[in-house]
Amino acid sequence: MFILLSASNGAQWIIYSVIAQIVAEFYNVSFSAVDWTSMIYMATYIVLFIPAAYLLDRYGLRMSILMGATGNAVGAWIRMLSAHPDGFWTTFIGQTIVGSSQMFTLGIPPRLAAVWFGPDEVSTACAAGVFGNQLGIAVGFLVPPILVQNGTVDEVASDLRTLFLCSATLNTAVLTVIILFFSARPPTPPSLAQITAQEEKALGPNFWKTLLSLMTSKDFLLLFITYGINTGVFYAVSTLLAQMVLPYYPTESVAIGQIGVVIVVAGMLGSVLGGFLLDKFKRFKLITLLDYLFSALGMLTFTFTLDLGSLIIVFAIAFLLGFFMTGYLPIGFEFAAEITFPAAEGTTSALLNSSAQIFGIVLTIAMGAMMHGVSTFVCNISMTIALLVGTGLTGTAKQASLTSLFETLVTLAN
């Protein structure tokens, strides 16, 4: 059920950006305004993740997930009122409500996995939770270009109305299922460690001390930055994909959505494989470093093959790029949990997600301006350089030096 909720939220993130040209012309707004329909997800998370963590502590998993599902449905129905040329701000309000709801889904996987699954299943379960969000993003890439076609104002309005109705109906169905069937915890914890996880508070008495300790730790700070760079590049590529590819393939708007699907589906495979490898070998830093390196190489290859005139090549490189770059998401979560133990998973995941949103906004704005002001090639090279910098920073983290952080957190816990 959580996977359905996460998917329904992720699907709404990219529905405007993947048809950016049509949306900009229909609502008579700039590409930057369209980009903000994606970036509002990031901005609301930065502002509201601490209140969301408080609500998770105060009311538990069920209430938090119910709030996320309710926000998804309400925002989707508000968008139904915006299928006309003067409706951009109405659609943006609906998108803001939906974006605000993601904080009740995005940081949940580590906590949900810790409560519901045994110690040998946690990494795989966490990856499956992230998988739901990626599945939704894939749907968000695939469906809008199929349902919304370039045409007259009335034709586009009709297409948008159909898209919004499908979204609202789906989100209402997910909300209904969660109300009826979702439980906060299993009847019997799968292990003694899970009993502790059920009682753990993300904003407990030592939250601020733990937060300060994490943010003054060199190794966690490196991960905070590197996770933000990698995920921020993914957010920027996803938001700008249509604007990036359409100039080279102007008649292939549906194919552009399919490229996005390939990136995300490949990332699902990478997420599951990454979770399995972490559970199997426990080589957190090595797996993280290799994944990061191949993300950078994938972005570099994508940069130099985009203008070759072959969609087959673009699809193939998009698969490799997505496999490693999107597959990094759960790996980063689990690496953080490893190097910050015994800090609460909710705290570390919230910090990493905040970093991702900050870098996502900065990179999307900067790369969008660079793409329209300079060239797509320079934009993509810049993102490649950012990933290479992240790879280098990841390589400097030394797990062996984390003993002091561990001891500090134990002291705080006592």
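A Cβ is built for glycine as well, from the same backbone N, Cα and C atoms used for every other residue.
Please treat TrEMBL annotations as automatic predictions, because they have not gone through curation.
Residues 284-304 are the range that TrEMBL records as transmembrane segment, among 11-31, 284-304. Scored on C-beta pairs under 8 angstroms, the neighbour of the transmembrane segment (377-397) with the top count among 220-242, 284-304, 311-331 is 284-304. Per-residue pLDDT, averaged along the domain 'Major facilitator superfamily (MFS) profile' (1-398), amounts to 83 for this model.
Listed as Cβ neighbours of the transmembrane segment (220-242) (distance under 8 Å, sequence separation of 6 or more from its ends, same chain) are residues 13-14, 17-21, 35, 38-39, 42, 137, 141, 214, 253, 256, 259-260, 263, 292, 295, 299, 321, 325-326, 328-329, 332, 335-336, 339-340, 348, 351-352, 355-356, 358-360, 362-364, 367-368, 371, 379, 383, 386-387, 389-390, 393-394, 396-397, 405. If you look at the transmembrane segment (351-370) against the transmembrane segment (284-304), you find fewer than three C-beta pairs under 8 angstroms, all six or more positions apart, and that falls short of contact. Against the transmembrane segment (284-304), stretch 311-331 has more CB pairs under 8 A than any other of 36-56, 254-278, 311-331.
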